[in-house]
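Structure first, commentary second.
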Amino acid sequence: MTTIFRLASSSSPSLRHDATPHNFHIRKTSISNTFSFSSKNSLSFKRILTSGGSRRFIVAASPPTEDAVVATEPLTKQDLIDYLASGCKTKDKWRIGTEHEKFGFELGSLRPMKYEQISELLNGIAERFDWDKVMEGDNIIGLKQGKQSISLEPGGQFELSGAPLETLHQTCAEVNSHLYQVKAVAEEMGIGFLGIGFQPKWERKDIPMMPKGRYEIMKKYMPKVGSLGLDMMFRTCTVQVNLDFSSEADMIRKFRAGLALQPIATALFANSPFTDGKPNGFVSMRSHIWTDTDKDRTGMLPFVFDDSFGFEQYVDFALDVPMYFVYRKKKYIDCTGMTFRDFLAGKLPCIPGELPTLNDWENHLTTIFPEVRLKRYLEMRGADGGPWRRLCALPAFWVGILYDEVSLQRVLDMTADWTLEEREMLRNKVTVTGLKTPFRDGLLKHVAEEVLELAKDGLERRGFKESGFLNAVAEVVRTGVTPAERLLELYHGKWEQSVDHVFDELLY
């Protein structure tokens, strides 16, 4: 059989934010495929794979070099710019891609799931619900079905990366179907799942590490660049939405609106007030952790608000973000501290003389972690994980604002005179004070009221009857009380200062 692949997966906002290369090496099926990528430099790529076997297949996490995309001429900076620009699509092709993570735990002991249990769970879901297994060596590390994938974060956080869908009704149905499947298998194993932004009870030493090569490299590097990076890896969960743009100008508008409003999203979804079994002084510990993870690859990207900003400026930024690794001969090679700019010039000491492929570039882009991230779509990354209604509300909030021209323009007008210092202040303070954060002559709550109205109006103008998905956050805006503050009320009240009750309260 012959399959034509588009380069490195569809550019719709569907696939992983981790650095698993997308030109998957597929076994147990016979494949002969050829694909090409057109740019101003007319790069062409070719790959042939053949092997016999049955129709069901296993997808390996990353391609061996010999099966990887090989460029017929060296990549240029323009190719990297063109790669981002290739995400532009007409409005009728805009989609919604939602990702969420959750903590698995033993229902009896509340202890985190071990890898052996996760492996059993993944195999169970694959067999019962017809998913294809994603392997790294002999270890199962994820599942794929159509354009959906399930993957593992470093501490075993269980992630669904949804397919690119047209409406929020489809998105919420996808989340419900996933939670049903996971629950069906997990309950038989005595496993539950928790929707929260930060591991509330267990210390970092209690969290098992998943057998993925890239995480070994990150684990060694993180303590060199920040004090909280390991907590980010092992103890946080998020929900994010990935959205399309029509042009460079549209990308810039959405990027700026997304960054300006990200602290409001952080406050609305703040849901991580406990660490090591006690209140931690934050409403979003998860968001705070990103402020001391790695300054080179995180933050509010002030340059996005420069008049000169565009695809090229993001490429310049990404070229100078230190790399984590390259993947060659079925192994992750540690390239920490070196830059993609060095790689482009063939000057990586870890693989002397080698030049990057677009696959390497795609992987590198996924190791950058700002509050809004650009790939061939935009990722809104400011929200804590939470219960299923909020998993549907987060994409609803951003779709209502960014996919409606009127609401988007109103947000841009509203935030146009916000200074860099104000945006940074909001980003840092909402993690503690949520919607009660003072802003200008009022509270952030007052801005959030206006923004939620714009999101609702934007959804109504879309005409799909989607505004009901905002109900899960409407109460937060009305009262100014974040989900985290509700949990703290319970902790100091009927839970009698025992965090164990949160595993029941936020059980999926």
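Start at 1 and count along the chain as shown; that gives each residue its number.
Heads up, the Cβ atoms here are built off N, Cα and C, so glycines get one too.
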Using the record from Swiss-Prot, pick out the residue from CYS88, CYS172 that is joined to CYS392 by a disulfide.
-> CYS172
Recorded disulfide partner - CYS350, candidates CYS237, CYS335, source Swiss-Prot = CYS335
Per residue, counting other C-beta atoms within 10 angstroms of the C-beta, which of the disulfide-bonded residues CYS172, CYS335, CYS392 reaches the highest number?
-> CYS392
Cα of CYS392 (disulfide bond) to Cα of CYS335 (disulfide bond), in Å and rounded, measures 38
Expressed in Å to no decimal places, the gap between the Cα atoms of CYS172 (disulfide bond) and CYS350 (disulfide bond) is 44
Near the Cβ of CYS350 (disulfide bond), how many other Cβ atoms are there if near means within 10 Å?
-> 17
Assigned element (helix, strand, coil) containing CYS350 (disulfide bond), judged by DSSP | coil
